[in-house]
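Structure record follows, encoded as structure tokens.
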Amino acid sequence: MGFEISDDLLGTFVPILVYWLYSGIYVLLGCFENCRLHSKKDEDEKNLVSKATVVKGVLLQQTIQAIVAIILFKVTGNDGSDTTVPPSSLIALARQFITAMLVLDTWQYFMHRYMHHNKFLYKHIHSLHHRLVVPYSFGALYNHPIEGLLLDTVGGALSFLLSGMSPRASIFFFSFATIKTVDDHCGLWLPGNLFHVFFKNNTAYHDVHHQLYGSKYNFSQPFFVMWDRILGTYMPYTLAKRAGGGFEAQPTNDYKDD
């Protein structure tokens, strides 16, 4: 009898492993100054929280997410142990992925925007994430625990439940969502990055939101920009060469004086 790990455990812990592995790749690539949206000096000087604190905060959030995920799988009966259920077709999987992406984007847009507009929530909760003025990869999930629970954990649970995906499918979806979230915060504009080709919501787009001039714009995350466009919070930008090497995301002329 071989050793087997259930799909619910894989769906819970694989995205966490992916987070740290993918973040680690970007940490190594951060030495290429010509690909950075901010200089390494700015990363060290402008951010208001230490990297050790960021690591502790992310690990706490991932612990909470793992506990909620395990409970969710058990309560819904989707523990991945039923091997008699036939696998979903590719069309069904694609439908589930798109549904989950839309659900997650919708939930996170409105929760994220509300945390900016509610002064109490911003000051005491969401401002922790914005201590990273210069985002970097493993800071993607650095949030107040309450924000992590409301935005990411609840949003993930809703996308799982409403899409109807199985625990096995969730392994791939949440790993993909994790990679996309890390990529959005990596602070690097790398040639050939397919996320920058297929998604308007990308590293530079989210970097704009982390700057003071863009804090009331570009709330959408992690996949599409539709809610920003529909509700008037979309801030277009251009990528310019930065003095000293690398790039800089700059708002277009219509927004520079807002």
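Each position is counted from 1, following the chain as shown.
Quick reminder: no glycine exception, Cβ is built from N, Cα and C everywhere.
What you see is a predicted model, and the numbers here were worked out from it, not measured in a lab.
The domain 'Fatty acid hydroxylase' annotation in TrEMBL covers 98-233. The average pLDDT the prediction assigns to the domain 'Fatty acid hydroxylase' (98-233) is 96.
Among the features that TrEMBL reports, transmembrane segment is placed at 12-32. Within the chain, the transmembrane segment (12-32) has long-range Cβ neighbours (under 8 A, six or more residues past its boundaries) at 40, 58, 62, 65-66, 69-70, 73, 136-138, 140-141, 171, 174-175, 177-179, 182-183, 186-188, 190.
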